[in-house]
Amino acid sequence: MSTSLAVVRLDPDLPLPSRAHDGDAGVDLYSAQDVELGPGERALVPTGVAVAIPHGMVGLIHPRSGLAARVGLSIVNTPGTVDAGYRGEIKVCLINLDTSTPITIGRGDRIAQLLVQRVELPELVEVTSFDEAGLADTTRGDGGYGSSGGHASL
């Protein structure tokens, strides 16, 4: 099943988001400006496009794995969220995770990828306890960060 996605090209000199290979989940987003990121620096980078995510779906902005592995370029709030009601330009909050080498991003470079997925929109129902709501206890309970172990330091 194929869903269409309305895309407005805000910068006519940049390519539309595109898949590198047939069947890829994400479409590449391009930088609309030149950016220099020093070690540890971050910048909000425009992509020159706006999209209309359909109701009941969400756009998720992910780092490009090759850039993360090769030069340490990532996204601060990964994945970034593009809600169905948002109609502005997609911007990506990039960060240079390398501690010693600056990263130069050129206008037109692929900087991130957009995935569009269906999302549940549950109605929130306040309860005083999970027992009252008829929700069974779990073996995890309220165990949070590090509660499952799996690393020598935990």
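Placement of Cβ uses the backbone N, Cα and C atoms for every residue, glycine included.
Feature annotations, reproduced from Swiss-Prot:
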BINDING   R64, S65, G66, N77, T81, V82, D83, K91  substrate binding site
| query | Counting every protein chain present, what is the number of Cβ atoms, excluding its own, within 10 Å of the Cβ of D83 (substrate binding site)? | reply | 10
| task | Only counting partners 6 or more residues apart, tell me which same-chain residues put their Cβ under 8 Å from the Cβ of R64 (substrate binding site). | result | D28, L73, R110, I111, A112, Q113
| query | What is the biggest Cα to Cα gap, in Å, among R64, S65, G66, N77, T81, V82, D83, K91, the residues listed as binding substrate? | reply | 26
| message | These are the binding-site residues: S65, G66, N77, V82, K91. Which one scores highest on other Cβ atoms within 10 Å? | response | V82
